[in-house]
Amino acid sequence: MVQDAIDRDAKATARLFVMKCGGSTLAALPDSFFEELRDLQADGIQPVIVHGGGPAISENLTKLGIESSFVNGLRVTTEEVLDVVEMTLAGSINKAIVRRIQGSGGLALGLSGVDGNLITVRPVDNSAEVGLVGEVTGVKAEIVTGILALGYIPVIAPIGVDAGSQRYNINADTAAGAVASHIDSPQMIVVTDVPGIMRTIDGEKVVLPSVTVQEIEALIASGEIYGGMIPKVRAAIDCIQGNVSEVVIVDGKEPHVLGRVLQGEDIGTRIVR
Ligand SMILES: Nc1ncnc2c1ncn2[C@@H]1O[C@H](COP(=O)(O)OP(=O)(O)O)[C@@H](O)[C@H]1O
Ligand SMILES: CC(=O)N[C@@H](CCC(=O)OP(=O)(O)O)C(=O)O
């Protein structure tokens, strides 16, 4: 009987997954991606979305004539930059994702980490260099599970608040990893614009089917993992030290990509302990 209860619990948590959608790929995601999300939701699976939008933020900053730069993959964020980050992430991008899910017949509810103090942060260690960028200190899991219990897919924009209600910009990969850890999601799926972590072997580019934490450190040290892939693998390493057992990096344009990952098919790169 005890075993039955354990099996039931395992089944219940296995239905939950966090998905990070990168700004590099959002506009290119086909309708079939959102239709699959709708079907998964109808089957009782509980996706939680954390999204990025870096390219759209940069575009809006340029339009407004506001200069911005990156230090180690983090956007140097002033209050002026944060106005644009918030209007882009919590505004147009968040609502575009919600509309696409609803347009396919699914149910979604958008919010940012500010709403209900969902994501609390403190300034990152190098805040003297990057400004108002936050490191996650807490996630109110009950808000996420409450939205899921209402039958909606939570769609979360990566902006956090501190105890004094100051808002902060958070890298979307980092925010997704923190959400996955705090809600005890067994899996995090990172949807991006490449088919996984790639490496050149004998002059040919190949996708690594699976990598360990140690292999990742070596690939960063050799320069084979660089740029936007670094925060993804760092977030993956952080969350697989906890209750998340695997992180899968995939290309959102692959047909039926979510179902294939959930069924354990060899697709993309699996990051395991
Ligand atoms: N080893 C690697 N394999 C695949 N992509 C890599 C690798 N190292 C760096 N990248 C880069 O990481 C990018 C994905 O990161 P990014 O552009 O930030 O995506 P997103 O917007 O989805 O967060 C790829 O387009 C590629 O240019
Ligand atoms: C602190 C920091 O750099 N925040 C990111 C948040 C968006 C993001 O991470 O979007 P992608 O996933 O599309 O890169 C930024 O301002 O661009």
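Positions of Cβ are set from backbone N, Cα and C atoms, glycine also.
Keep in mind that what you see is a predicted model, and the values were worked out from it rather than measured.
Residues near GLY53 (substrate binding site) in space but far in sequence (CB under 8 A, at least 6 apart, same chain), listed by position: GLY23, LEU26, THR88, LEU89, ILE93, ALA157, ALA172. In the three-state DSSP classification, GLY53 (substrate binding site) falls within coil. If you look up TrEMBL, you'll see GLY53, GLY54, ARG75, ASN169 marked as substrate binding site.
TrEMBL lists 16-251 with the feature domain 'Aspartate/glutamate/uridylate kinase'. Averaged over the domain 'Aspartate/glutamate/uridylate kinase' (16-251), the predicted model has a pLDDT of 96.
Non-local contacts of LYS20 (site 'Transition state stabilizer') by the CB criterion (under 8 A, 6+ apart in sequence, same chain) comprise ILE49, VAL50, HIS51, GLY52, ALA172, ASP173, ALA176, MET188, ILE189, VAL190, VAL191, LYS232. According to DSSP, LYS20 (site 'Transition state stabilizer') is assigned to a strand segment. What TrEMBL lists as site 'Transition state stabilizer' is LYS20 (among others).
Residues or ranges marked as site 'Transition state stabilizer' in TrEMBL: LYS232 (among others). In the three-state DSSP classification, LYS232 (site 'Transition state stabilizer') falls within a helix.
Across the recorded positions listed here (ARG75, LYS232), the residue whose Cβ sits among the most other Cβ atoms within 10 Å is LYS232. One way to see the shell of the substrate site is to take the Cβ centroid of GLY53, GLY54, ARG75, ASN169; the remaining same-chain residues with a Cβ within 8 Å of it are GLY23, GLY52, ILE57, SER58, VAL85, THR88, LEU89, PRO158, ASN171, ALA172. Listed in sequence order, ARG75, THR77, VAL81, LEU82, VAL85, LEU132, VAL133, GLY134, PRO158, ILE159 are the same-chain residues at least 6 apart in sequence whose CB falls under 8 Å from the CB of ASN169 (substrate binding site).
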